[in-house]
Amino acid sequence: MATKPGPLSRWPWQDLGNYKYALLAPWAARSTYRFATSGSGERDLLGFAVLPVLLLRLLYSQVWISVSRHQTARSKHRIVNKSLDFDQVDRERNWDDQILLTALLFYVVNAAAPVAQVVPWWNSKGLVVAALLHVGPVEFLYYWLHRALHHHWLYSRYHSHHHASIVTEPITSVIHPFAEEAAYFALFAIPLLTIVTTGIGSVVVANGYLVYIDFMNYLGHCNFELVPKLLFDVFPPLKYLMYTPSFHSLHHTQFRTNYSLFMPLYDYLYGTLDKSSDDLYERTLHGREEAPDVVHLTHLATPDSVFQLRLGFASLAAAPLAAAARLRLLRAVAPLARLITSLLGTTFRSEANRLDKLSIETWVVPRYTSQYLSKEGLYAIGRLIEKAVADAEASGAKANELNRNGELYVIRKPNLKTMIVDGTSLAVAAVLHMIPQGTKDVLLLGDESKVSTVLATALCEREIQVQMVDKDLYHCLMQELRPELNKHLLLSSSYSSKVWLVGDKLTDQEQRKAKAGVHFVPYSQFPPEAAREDCVYHSTPAVVVPGSLENLHACENWLPRRVMSAWRAAGIVHALEMWDAHECGARVTGVDKAWRAALAHGFRPYDRHGAAAAVAKQQE
């Protein structure tokens, strides 16, 4: 909200959530019915087009969001190099309000004015008149309205809400209090009402004008420069008629310059042009290469995970996966998500963060966990990861964090300067932290893996008895652990332990064998499905990130805000410490060593239950 919210700041449907779209239902039904029952020459084209155009604008806006976030993650042409946080995501989650308002106003005007019900598909006169009215009254009046909104009284009550976003995204352009947005709509209605009431309007021009406003709004609020200089070289006067992202970005950082809507002409005429506009445009267009210090390679766990990416739906990505109940409604588009990711032939940048002087990037391997289970899928994924490792090496990354075993890449490239980090040590350290104090024995369930082996070793070194009911796991660990530790391993048929360390395959049947009050502590990246209300379910291995970690505004799967999986954090800690050894294959950094280093750099323990939960809450 604004610093001192004024009258009519709240949107009328603010408390309805997504149910606000129900407001359109009677109007949409009415226009559709009239269109279907009217003769071909009497059909209300403008009214019928409202709903399809609304859906198109929603999709169009989401494309802008995803493309913009992808480009700023690449960072080359980024304009403002500051952090975008969860507060801004929450503040901008109602970006679709203005699209809904437009649709409602179109319906109302269409119902009230008979002349609007006979608008043809196309009329070239309407296009010319609308363009002239936009260049004249709309741009001129907006310029002075905008300057008025920067007056202290109006700014504190309305416009400060918009300017709370220093780092702009396309949807920042439409984040305003209701009264302010209504004033803008009154301006934009000048061309629309004129061409409709004079009989020269058309469906294409009326809706095309909305798309034009969307395009220019989103363009100006991108945090990267994309307008080619060739346009201004070929037609120099264009600099008075079209702004650029860097031009408007100066308005958000300097506040008292570059007030124009889309045309800088009025800033030139009235002396409010920022003198650094041309220089900033040249610098950001030329760009700067920023080599990442850490590359986190990840993949999509399930089709649902695509919505959890920073490039996806911002409000969903900013909430833990399990807490985002709305996500269930999106599972119907899972086949489409699979199709999109299958068409992506290489990894792509999803996120860019900074911790002190360390540059961190997240690259997504466009494949799902299920695809790791087939030989063909695993081979294809291996090729993608190998290329990603090579790209990270070429970019100068110090550490490359892998979710899976990366020893193969070290063997193939013994002179690899980029350190491959699978994060086992820090993940095990996080699990050890979640085990209740005073525990004397634990039950280890799951398949044999590097994590289970290192975890069993750490427990035995602490003289905690490790019980197993799986003979294969027991015999594997007896061979892997040092002989003097084997006395702490026990093959048992009992499920009596009060602490269960569980892998990916904990079944409901196994959970029913637990006594009341058992602590389920996962050592895998996937949390178990909770089947018992009388037991305690802990988090997957994770840590609370330092407050200085910038640009983190998406949750990692089911983890809360500003909580990161231990595997991902391990690569960052490795780079901060400048360790010159890999942690992959059989190589282990050291559980205690990794944990001490993580704490020293500001990472803190996280657990859904226990004393660490209070620490995590404070860090949010």
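Just so you know, glycine gets a Cβ as well, placed from its N, Cα and C.
Keep in mind that TrEMBL annotations are predicted by a computer and have not been checked by a curator.
Remember, it's a predicted structure, so these values are computed and weren't measured experimentally.
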So which range, 126-145, 426-445, gets flagged transmembrane segment in TrEMBL?
126-145
What DSSP reports for the domain 'Fatty acid hydroxylase' (133-272) is 97 helix, 1 strand, 42 coil
Most Cβ pairs under 8 Å to the transmembrane segment (45-67), of 99-120, 126-145, 183-212, goes to 99-120
Against which stretches of its own chain does the transmembrane segment (99-120) lie, if we need a Cβ under 8 Å and a gap of at least six residues from its ends?
13, 20-21, 23-24, 27, 30-31, 42, 44-47, 50-51, 53-54, 57-58, 61, 181-182, 185, 189, 193, 196-197, 199, 201-203, 206, 210
